[in-house]
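In what follows, a structure is listed as structure tokens, so that the remarks can point back to it.
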Amino acid sequence: MQVVAADPAGLEAALAALAEGRLVGLPTETVYGLAADATDGRAVAGIYAAKGRPSFNPLIAHVADLAEAERHGRFGADARRLAEAFWPGPLTLVVPKRPDSAIADLCTAGLETVALRVPATAVARDLIRRFGRPVAAPSANRSGRISPTAAEDVVAELGDRVAVVIDGGRTPVGVESTIVACLDGHVRLLRPGGVPRAAIEAAIGRALDPDDAEGSDPARPLAPGLLVSHYAPNARVRLDAAEVRPGEALLAFGPDALPGQERAVARINLSPTGDLAEAAAGLFRALRQLDASGAPTIAVAPIPADGLGEAIRDRLGRAAAPRG
Ligand code: TXA
Ligand code: MG
């Protein structure tokens, strides 16, 4: 495994690895991705193996722009509006897959739909454009673990399972993309993420369609990968804590002190001013650091559910869920 800079030489090394069907740690604006040639089934199989990810859980194909996306998926008016409003950026669109798309069936887990995204970092866009093919990339963590927001996290998660890691520094958004399905005239939120729900609704000019019965059952999510337990640190996670109990680490938010916080064995405030974008950017790093304190439990202060708070609370809820 080789860690390279986000410069022309690093890009060459990453391109060579992709061309050989090997895996690349790729900085996007949300989290680091584990990238491979999305048109090469064997390369995609390498992603599932490296992550220990079930192969029924499809991957996002990353493309250079909307024109490339439209070669792989069918975009109706809503999907096109969303792509134009938020690409490049932290939005993934699930649309019907074109039968003539070159994206491997293993990437889409055999579904008739495809998840497409145009990432916003210069290095990711340069890599995809120069590679000339879509790049499959889940978050570069072992399945079920905390997503990586720095190159060193990718190295810690995957080590030699990845050929090249591009070090692009810390990812600015810090939570994964918002996933929106545009299917059969319905627009549904499959995963809250870096684009807030209200911004999606403003772009389509109406409220999102409610989840159907299947989507509202957390054990059978519309996004097959949204298993309840995810982002799991070794420590137990206790949400909406009203106080800090003996032995606990504290994930704080905002200016207010929690009773007993002085006895926390480790403490990180995601944003002392209560800024949700700052909190999202530091969330996964903070979970990793508090976990490293060895505390058996991480108490999490209340975090509001508006804006990016919906994605933050979603991730923390999965981190707190009983482990399967
Ligand atoms: O920000 C992100 O989206 C990052 C960066 C690397 O782009 N990627 C990411 O990928 O979070 P991953 O694999 O960790 O999460 C992708 C989610 C999974 O829950 C998967 O089930 C869902 O997208 N997904 C992929 N294709 C789908 C499809 N056709 N229909 C429904 N859900 C899909
Ligand atoms: Mg993931």
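Cβ atoms here come from the backbone N, Cα and C positions, even for glycine.
Just so it is clear, the model here is predicted, and its values are computed rather than measured.
Annotated L-threonine-binding residues in TrEMBL are THR30, HIS62, ALA137, SER177, and among ARG81, ARG117, ARG197 the one listed with them is ARG117. Residues within less than 8 Å, Cβ to Cβ, of THR30 (L-threonine binding site) and separated from it by at least 6 positions along the same chain comprise PRO90, PRO119, THR171, VAL173, GLY174, VAL175, GLU176, SER177, GLY193, GLY194. What surrounds the L-threonine site, by Cβ distance within 8 Å of the Cβ centroid and not counting THR30, HIS62, ARG117, ALA137, SER177, is the set THR28, GLY33, ILE60, PRO90, THR92, PRO119, GLU176 from the same chain. In terms of Cα spacing, the binding-site residues HIS62, ARG117, ALA137 all stay beyond 10 Å of TYR231 (ATP binding site). Of the residues the record lists as binding L-threonine, namely THR30, HIS62, ARG117, ALA137, SER177, the two whose Cα atoms sit farthest apart are 13 Å from each other. Long-range Cβ proximity for SER139 (ATP binding site), meaning a same-chain Cβ under 8 A and a gap of 6 or more residues, is found for VAL31, TYR32, GLY33, LEU34, SER147, PRO148, GLU176. Taking a Cβ distance under 6 Å to any atom of ligand 1 as the criterion, the binding-site residues ARG53, SER147, SER177, TYR231 reduce to SER177.
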